[in-house]
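Okay, structure first, notes after.
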């Protein structure tokens, strides 16, 4: 049997289906924190030696992951440079306080506060990266310790809302990759939460379950990677590709499977299109209501239960009306047996030979929780808490994976890799979740809007991995179920005091069958057969499932507070991870090659800015709430507290950043020289030193984090784009919320669009969706372009002293630097003209030249003492309102 490309390249020690994960003792390469392996050294060798020499005791369980730290060759200079820059920043601030001399003292005080804030935020950000740690799971040891029958159960949550903003094809690919992952079929279950109760999702899931009967055995037989059909067939151009195992598969098998996949995709697309119109929804719902009693709750009542979709000029616009329907639960695929079930041999009616393949499929369940007017449904957090309760009654696996509907499993060994951390004998019992980095498809090659965010995922999270663990980022994460229930970690509770750790049963609601599942969820050895479901007949079990999905179930409980995902905040993911860390739990960071999961990201500028607005606004809400990191208890480690403080307070930087970016306005309106700090030459020398040291530290960070210069540069650019507009909007919203009692930042679903072909792959990148969020950054760009043009005009007029020339040169460098950092934003607002970057440079040069020409013309008119041209509407007296520097 042929091996997948990922599996074929493994070493002998790991040659046992550990697809895509290199031996931890050998170079892993690539990104994801792997960096250059010559910069990473083992950190647990002494522990292994001690365990091997510990005679007279029972053999200890093997270590399921290896720990690596950055070599001292890089780490010591990295820490030294951080210390030196800290001293330089302190000296700089002390010097400024000693020399209180400026042309505008009010601005001097603002700049002092800004410099102090920038120094504090830099230190908060840098401190958490001083001890980066990489942990690499060892799948071969996991397989030797646990056979397939001994692996714990895993419940997988997939969340989606709108089939227009989140196309059903993405959700189908996600579910198929989960069903086909390399994990025993009787040991994991998948739950799709459709929070919009869309018939497109329901019928699409039926088609997905039908196609899975072919796709899953096909993946097991040929060990294909990745196991999401859309991604697999896109990566494998066809039987004539260079993939050797792909050629061995046979042309007819590949083509037949691809035709079936295309047929299923077309069915899902047609369903989405049909149900996207009011007439199509009514027809489809009426047909389903006649065959499925449980779908009666989806019937239209006027326009209250659906998305009114208006198609105009080939654009889908969604007008969302209040949803009202009862809870819906449908088991698409039932629990498989424990014994392998071989498929059918090839025949005329079944041309694919699965006679030697286990064709069992995991549990697949469709969930649409109840929604009624007058209830706050808490969006994604509320949907996942409903999944948490429903899955407890049906499978009750001790571990939970959660995915967004547009993410799929890219490496079939991901579940096993996460278990290496959860089951390890060192910190496994105290680990609440394992976070994987986010990786994306269909991002433009230059990553214009920093969607990959590699600095955060491959540097910051590796730094947190050496403290208490990475933060939770909302998707691609494995949880321990009892941790979500609010239990204390074992090291913070007395021995065998599990009942006290879980607290009063009343905090979970009034469903006794659900409450009875909670103690059993702590057993890591359990499969996914729920004792609650086994002890009830089918009617009673369905009634209990319906009960835990009702709107009123959470009334008077701690759901959304001390239990489950946290409510009433836009960044429920960060706050949920923070709550677990605050209780003393650890988390682990796991990066694999190939990437464990991949998804889609917004490549449109406006969509990306709204995504950043939700993150930054939610961060500020967290900082000014009872979840403020500064108020956490003693179980949160000091450095972890510092990291969370940085992750929640960073948008405040926008207040000072905008002041600096608009300084040219003051310079233009000031007569002669204008200095924010005197002596100016010393001030510039300090600035150059502290900024240059940031760049040097960044270059060292690039080395150990495995980043590229482009990754680092895009992070710098998008920080400036966010600070000049989005962060400012977030700060303003929080201020208004505190003063006027407004609601928190609105949860805006990020739209994802399917690519219609090679030409349309990056179509969204060149679309311009004007929004108020764009205005502040446009103003900053205009001010700096005007400053450059005015400086050129003053140079033409002449009369400058050498000191004035030096000051103007420093100002021009600042103006140009701001424009360079805002370059991706400028491309974004140019639309399809951004395909020719030379047009942007020509436009900027023309704008600067126009401003310079205007400056020279006005200066010439005023210098001659003649009347201004009548078409300008100026008189001799009117020119007195102009800046004095224009009248010199």
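One is the number of the first residue shown, and numbering goes on along the chain from there.
A Cβ is built for glycine as well, from the same backbone N, Cα and C atoms used for every other residue.
Heads up, TrEMBL stuff is auto-annotated, nobody curated it.
Note that the structure is predicted; figures quoted are calculated from it, not measured.
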Annotated transmembrane segment segment (source TrEMBL; candidates 30-48, 49-67, 106-124): 106-124
Recorded UDP-alpha-D-glucose site member, picked from 69, 98, 129, 379, that accompanies 166, 195 in TrEMBL: 379
Range from 106-124, 680-698, 718-736, 838-862 with most C-beta pairs under 8 A to the transmembrane segment (805-826): 718-736
Residue 379 (UDP-alpha-D-glucose binding site): tally of other CB atoms within 10 A of its CB: 17
Spatial neighbour of residue 404 (Mn(2+) binding site) that is closest, considering only the recorded positions 166, 379, 573 and their CA atoms: 166
Where residue 195 (UDP-alpha-D-glucose binding site) falls in three-state DSSP terms: coil
In contact by Cβ distance (the transmembrane segment (647-668), the transmembrane segment (773-793); 3 or more pairs under 8 Å): yes
For residue 573 (active site): DSSP state (helix, strand, coil): helix
Inter-residue Cα distance where the pair is residue 573 (active site) and residue 166 (UDP-alpha-D-glucose binding site), in Å: 19
Candidates 106-124, 647-668, 680-698, 838-862; stretch with most C-beta pairs under 8 Å toward the transmembrane segment (76-94): 680-698
